[in-house]
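This report refers to the structure that appears directly beneath it.
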Amino acid sequence: MQKFRNFKRSFSFQKRQSFPQSRFNERCEGNEFEEAIDVLCQQNRLNEAIELLHQIHRPSPRIYSILIAACVRHRALQEGKMVHAHTKASKFVPGISISNRLLDLYSKCGSLDDAQKLFDEMIHRDLCSWNTMIAGYAKIGRLQQARKLFDEMPQRDNFSWNAAISGYVSHARPWEALELFRRMQNHESSNLNKFTLSSALAASAAIPCLRLGKEIHGYLTRTGLDSDEVVWSALLDLYGKCASMNEARGIFYKMADKDVVSWTTMIHRCFEDGRKEEGFSLFRELMRSGIRPNEYTFAGVLNACAGHAAEHLGKEVHGYMVRIGYDPRSYAVSALVHLYSKCGNTENARRVFNQMPRPDLVSWTSLIAGYAQNGQPEKALWFFELLLQSGTKPDQVVFVGVLSACTHAGLVDKGLEYFHSIKEKHGLMHTADHYACIIDLLARSGRFKEAEDIIDKMPIKPDKFLWAALLGGCRIHGNLEVAERAANALFEIEPENPATYITLANIYANAGLWAEEARVRKGMESRGIVKKPGKSWIEIKRQVHAFLVGDTSHPKICDIHAFLGEISKKMKEEGYIPDINFVLHDVEEEQKEQNLVYHSEKLAVAFGIISTPPGTPIKGCIDNHLFLYPYQSKGYLYQAKLSDAALQLGMKCSINDGIMLHRIDLRGVYVAARQGPLFVGSVFSNSIGKW
C-alpha cells in the first residue's frame with residue numbers, strides 16, 4: 001500500500017506523466033485499483049482509466065461509480081457508453097444509484113434515446129430516476145415526452161414540478177407552464193419556492209400578463225421570498241416586458257447586488273420601451289460600475305443603435321469593446337455588422353465581418369441586406385454566392401436581402417431564379433416578404449402578367465406590402481387595370497390609408513382621366529381621410545433638423561431657398577426640365593415646379609449640403625436626383641447624411657421608386673442605383689403626388 005501511495009503522489013507531482021501499464025499490474029492490488037482509477041479520473045485521463053478497468057477481473061460497484069461520475073463531470077458521452085457496455089459484458093447488475101448516474105450522463109449529454117432505453121430496462125426506479133428523465137426531455141424541448149413521464153410518475157417533489165414548468169417556459173409555452181403552476185399550488189405535498197415562482201413570473205412575462213405577474217409578486221412579498229436575486233431578476237424581466245418601466249426601475253434600484261444579467265435586462269427593456277436615452281445612460285452607468293458587460297449586453301445596445309440610426313453611439317460602444325477585448329465569435333460582433341450595415345457604412349460592416357473566424361448566418365444576412373439597401377446590389381449578390389460556397393445554409397430571411405438586391409439592380413430574370421430556388425433548391429417555404437419582393441421586381445419592370453400569375457398561385461394571402469408594390473409598379477408604367485385591382489385589395493386591408501387613394505388618383509390624373517381622379521379624391525374626403533404633410537430630417541453634428549413640405553420655420557430657411565433657387569436656375573441653363581409627372585394634381589405647370597423645389601426632402605438635402613463637407617450617401621426619390629444629377633458632374637454638389645426612420649425602423653414609404661447616390665471621387669462624380677420602396681431621411685406620410 002505504501003508503494004501505491006508513492007505511486008499516487010507521482011501522478012500529482014510529476015506533471016501527470018504517463019504511467020506504464022506493466023507498473024500498474026505490479027503495484028495495483030486489491031482496493032488499489034480503485035485508487036488508481038480515481039487518480040486517473042481526477043486528471044481527466046478517462047481512456048487510461050477505462051483501459052485499467054478492462055484489467056480488473058470483477059470490478060466493484062465503487063469503480064463503476066467513480067468512472068461514470070467522471071464521465072458526467074466531463075460530459076464524456078462516448079467514454080460513458082464504454083463503461084455502460086462493460087457493465088453488461090461483465091454481467092454486473094447495477095444498483096439504482098449507478099443506473100441513476102448513467103441516466104444523468106445520458107440526460108446531460110442530450111442522448112435521451114439512450115437514457116429512455118436504460119430507464120425502461122431499470123427494474124427499480126426512484127424519484128431521482130423520474131426527475132432526471134423529465135429534466136432531460138424538458139431541457140432539449142421534447143416536452144411531450146417530459147409531460148408524459150410527469151403525468152405517469154407515482155409521486156412528485158418540487159424538482160419534478162420545477163423541471164416541467166421551466167421546460168415549458170424555456171421553449172415558449174407559457175400557458176402550459178402556468179397551467180402546471182396552478183396545479184402545483186393546489187397540490188398538498190408541493191412547496192412553492194423561488195425557482196417555481198421565478199418560472200411563473202417568466203411565463204407571465206412571456207404572455208405578457210401583468211395582472212398575474214403582480215399576483216405572484218404579492219405572494220412573494222407576503223412570504224418573504226422577494227429578497228432573493230433570482231426573484232429580483234424575474235420581476236425585472238416581467239415589468240420590463242409588460243412595459244411597466246416605473247415598476248421595473250424601482251425593482252432595479254432596490255437590488256443590492258446587480259449582476260450583468262440584471263443590468264442587461266434593464267438596458268434592453270429601456271430600448272424596447274422606446275426610452276433610448278435612458279438605455280444609453282444605464283449602459284454608461286454599467287461601464288462606470290466596474291461590472292464587465294457580456295456579449296448580450298453589447299448586442300442589445302448595438303441593435304438599439306442600429307434601430308435609431310445612431311452610428312456615432314455604436315462606434316463608441318465598438319471602441320469600448322476593442323479596449324476591453326471581445327470574442328470575435330460572439331453575438332456582439334454580429335450586432336456590429338448589423339449596425340454598420342443599417343447605417344449605410346458597408347465598409348465598416350465588411351471590415352468587422354472579415355474579422356470573424358466563421359461568420360454566422362445573422363452576419364451574412366446583415367451584410368447582404370446592407371449592400372442591397374445602400375446601392376450596391378452587385379456586392380450583395382456576390383456575398384450571397386460566397387455564403388453558399390462557405391457551406392452555410394441560407395434561411396428565409398437572407399433571401400429577402402437577395403431579392404431586394406435584384407430589385408435595386410433591375411435583375412428580373414436573376415431575381416426569378418433566386419425566387420424559385422428558395423423552394424426547389426433549398427427546401428424553404430416562400431414567405432410574404434419573398435412574394436412582396438418578387439412582385440415589386442416584376443411590377444417595376446412592367447411584367448404585370450407574370451406578377452399576377454404569381455399572385456393568383458400564392459398559397460398564402462397577399463398582404464398590404466405586396467399590393468402596394470404592385471400599385472407602385474402601375475404608377476411607373478401607367479397600368480390602369482392592374483392598378484385598380486391592387487387598389488381595391490388595399491382598400492379592403494387598409495381602408496383608412498390615404499396612400500392608396502392618392503396613388504390611384506395620381507395614376508388616373510397621369511392618364512388624363514380627371515373625372516376618375518376627382519371621384520377617388522372625393523371618396524377620400526367623404527371618409528374623412530386626411531394626408532399628413534411629408535416630413536424629412538437630417539442629422540448634423542448630432543442634432544436632428546426636421547423639415548415639412550414648404551417649411552419656412554428653420555432658422556436657415558432663407559439660405560436653403562437661395563441655394564435651391566440657384567441650383568434650379570443653373571440646371572435650367574444646362575437644359576434640365578423638371579420631371580413633373582409625379583406632381584399630378586390639376587394645377588399650373590409653374591406651381592408643379594414650385595412643389596418640387598420645396599419638397600421636404602429637398603429642403604433637408606439642401607441644408608445638409610450648405611452645412612457639411614462631403615460625407616455619407618444621400619438617399620431620396622426620383623425628381624430630387626434627376627434635378628441634381630446633371631449638376632453633380634459639374635462638381636457643385638456635396639453630400640449630406642440623412643437619418644432614415646423609414647429604412648432604419650423598417651417602415652414602408654409609399655413612394656415606390658427612388659435613386660440613391662454614392663460619391664466615388666472628390667470631383668463630384670456620382671453613380672446612381674435603384675433604391676426601392678424604402679427611403680432614407682423621410683417619412684412621406686403617404687404622400688405621392690406632391691413633389
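Even glycines carry a Cβ here, placed using N, Cα and C.
Since we're looking at a predicted model, the values are computed, not measured.
The repeat 'PPR' annotation in TrEMBL covers 126-160, 259-293, 360-394, 497-531. Annotated domain 'DYW' per TrEMBL: 575-619, in sequence order.
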Going along the chain, which residues at least six beyond the ends of the repeat 'PPR' (126-160) come within the CB cut-off of under 8 Å? 96, 99-100, 103-104, 106-108, 110, 112, 115-116, 119, 166-168, 170-171, 173, 176, 187, 189-191, 193, 195-196
Restricted to the repeat 'PPR' (360-394), the mean pLDDT of the model is 95
Based on DSSP, tally up the residues of the repeat 'PPR' (497-531) by helix, strand and coil. 26 helix, 0 strand, 9 coil
